[in-house]
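Copied from Swiss-Prot, the annotated features are:
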- 520-578: ATP binding site (BINDING)
- Asp700, Glu721: Mg(2+) 1 binding site (BINDING)
- Asp700, Glu721: Mn(2+) 1 binding site (BINDING)
- Glu721, Asn723: Mg(2+) 2 binding site (BINDING)
- Glu721, Asn723: Mn(2+) 2 binding site (BINDING)
- 493-751: domain 'ATP-grasp' (DOMAIN)
- 1-338: region 'Glutamate--cysteine ligase' (REGION)
Amino acid sequence: MNYRELMQKKNVRPYVLMARFGLEKENQRSTREGLLATTEHPTVFGNRSYHPYIQTDFSETQLELITPVANSGTEMLRFLDAIHDVARRSIPEDEMLWPLSMPPQLPTKDEEIKIAKLDQYDAVLYRRYLAKEYGKRKQMVSGIHFNFEYDQALIQQLYDEQSEVTDCKQFKTKVYMKVARNFLRYRWLITYLFGASPVSEDRYFRVYDDQPQEPVRSIRNSTYGYRNHDNVKVSYASLERYLEDIHRMVENGLLSEEKEFYAPVRLRGGKQMSDLPKTGIRYIELRNLDLNPFSRLGIVEDTVDFLHYFMLYLLWTDEKEEADEWVKTGDIFNEQVALGHPHETIKLIAEGDRIFSEMIDMLDALGIRKGKEVVGKYYQQLRNPQDTVSGKMWTIIQENSNSELGNIFGNQYQSMAFERPYQLAGFREMELSTQIFLFDAIQKGLEIEILDEQEQFLKLQHGEHIEYVKNANMTSKDNYVVPLIMENKTVTKKILSAAGFHVPGGEEFSSFIEAQEAHLRYANKAFVVKPKSTNYGLGITIFKEGASLEDFTEALRIAFKEDTAVLIEEFLPGTEYRFFVLDNDVKAIMLRVPANVTGDGKHTVEELVAAKNSDPLRGTNHRAPLELIQLNDLEKLMLKEQGLTIYSVPEKEQIVYLRENSNVSTGGDSIDMTDVIDDSYKQIAIEAVAALGAKICGIDLIIPDKDVKGTRDSLTYGIIEANFNPAMHMHVYPYAGQGRRLTMDVLKLLYPEVVQ
């Protein structure tokens, strides 16, 4: 069958780049000094029996990070980035992920290498068998398994354009068998470009072991890596022959079970190999990628893109020998390349030239212009072995050592994970509370699907239990009407007042002129102007000592800009506190100090704001724990009330407030007060939220004196607002005080069977 012609058909070409990707990556945990960790798998990751993203491989110290299936290499790497952040921040503080395929220095005694402590006893027994049959040390090598599937739409179009095979499932299997054979034949190129295990640490090989002449390109991908015994031979001529050979090996005792068969490429269908006759081959797993220590993920996007184009090439190019001989030639070439010196030119230059030239021709024929740059980059390395991963490693190792290389990069990547611990790599454009929520969900092993990134809409799943979450705390636990109640400040006040809670008096206006005419009633009072239905403190102006008509009018203009109706309310004196109530319990209390700067007698207000905004904890759009302080109309109005402008130079230690309202979302500072506020106020908050019918709520109380016990029917407090989607990041990472992991509390509410 001429796949090259099929791939160029008009109906096929729009689909040639469509594929599905997945990745499994192993790393040993080591100390920050580069010694194999001795701790058990962190319990913070939950149960390994179901965790979809973070598992252990052979040993208790060998993490396996698993991405969900993605429709692009970029999306796959994005999730891998997030899983790395979770893994690195969750392991003990004195540990890191060892960035090399070859393990750090191993203990002298094999019994000190601990097999993974799994719940499934048969899995433990299987690892014990592998340890006895192949030795523990070979099992400690780490790498990447790259899962690749041609999109079903591409397979269907190819199938429709041919007439030799009359069943699409059989056609798909035929495609993957061809690609598998070609991969085994040409995998030497992958070993050359991406091999990254040139040397081993002391005690990896025993004195009586057969050892390579180090350095090489890839110990892991040579006969010195992990592989079956020489008497295990399997044909790739057809799926039937492949399965028959493996079955015979098991029957003859050469393999303990089907999954013991280990090859650079694995054919995948159902959950077990025995499912393949029924399911056919659904995708293939490439198992010969070493960890790239020059990437904090162990792999770079260019490598993923190259592998994608390489997989297209393997379908494009013809086989030139009988199947078993074709594969055997590939084994010989791969061994030659794997055991070559990292800085030596390979003997397969001519074949490499042909492969790269044909790949470029294929990209031209299929109209894949963007692929030529990536392919060209790696083509350049064909004659420059020092630029390959193993070549660059050997350059460093010669001047330092392999362990030093591992230590330098391992520590660097571990530190990078903590530069902005409140963000989640791969998802930094999402709201901060959602990022923290995603971190916790990944850590605990909940399956995640991002339904709408712009809307912060997530789907979580554990077994058959599915939950939908918006903005990190809008869940099925609150019914539809609850957010509508809290969105409407007039309705909120009426419900709370009817339930016996103290709320400020005031008026509602939908007409700018009518509101303006109310000025005389408030000119000499303390009052607040705010939109009727907004969150995050937008459009609010506070006048503690009355206001001129000009300022009153400006406040109305600002409020009407946010909503079609505004409220003018009495100002309640006291300190404002945000109570975060979840499931009839106060989980956190926050004192929010309005946006402010402290003078130094030298710099203007504008310059002081710029300096304070340089704090890495400050950002925009809820992607940092604190928001940038603005200098817009509201802030300038606030300065005017203090007799200042943005060009004024405040005296030393003079505190200048730029906002009257204390929302962190408008540049305020957050201070945790959970353990300071009397329980009487917590009870008031709980009862008020219950009156609104909410499970999750941020409710704002004004308290004149927190040392005086609060009572529901008194003036010891006043409720000024309730929020249906309260920000959580300011509680998790406060400006001062203890952080409260509210995102984990939400997860516990949704999945008590997972989060204990």
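Glycine too: its Cβ is placed from the backbone N, Cα and C atoms.
Note that this is a predicted model, so its numbers are computed, not measured.
Per-residue confidence over the domain 'ATP-grasp' (493-751) averages 94 (mean pLDDT, predicted model). Considering only the binding-site residues Leu520, Ile568, Glu576, Asn723, the residues lying within 10 A of Asp700 (Mg(2+) 1 binding site) on a C-alpha to C-alpha basis are Glu576, Asn723.
Looking at Leu520, Val528, Ile568, the binding-site residues in this record, the fewest other C-beta atoms within 10 angstroms of the C-beta turn up around Leu520. Counting only same-chain residues six or more apart in sequence, the Cβ atoms lying under 8 angstroms from the Cβ of Lys544 (ATP binding site) belong to Ala526, Phe571, Glu660.
Within the same chain, residues at least 6 positions away in sequence whose Cβ sits under 8 Å from that of Phe552 (ATP binding site) are Gln516, His519, Tyr522, Ala523, Val529, Phe543.
Neighbour count (other Cβ atoms within 10 Å of the Cβ, all protein chains): 19 for Phe560 (ATP binding site).
Asn723 (Mg(2+) 2 binding site) has a Cβ environment of 22 other Cβ atoms inside 10 Å. The two recorded residues Asn723 (Mg(2+) 2 binding site) and Ile568 (ATP binding site) have their Cα atoms spaced 19 Å from each other. Ile568 (ATP binding site) falls within a strand when secondary structure is assigned with DSSP. Spatially close to Glu576 (ATP binding site) yet at least six residues away along the chain are Leu591, Arg592, Ser662, Asp700, Leu701, Ile702, Ile720, judged by Cβ distances under 8 angstroms. Long-range Cβ contacts of Glu721 (Mg(2+) 1 binding site) within its own chain (separation 6+, distance under 8 Å): Lys489, Thr492, Ile699, Asp700.
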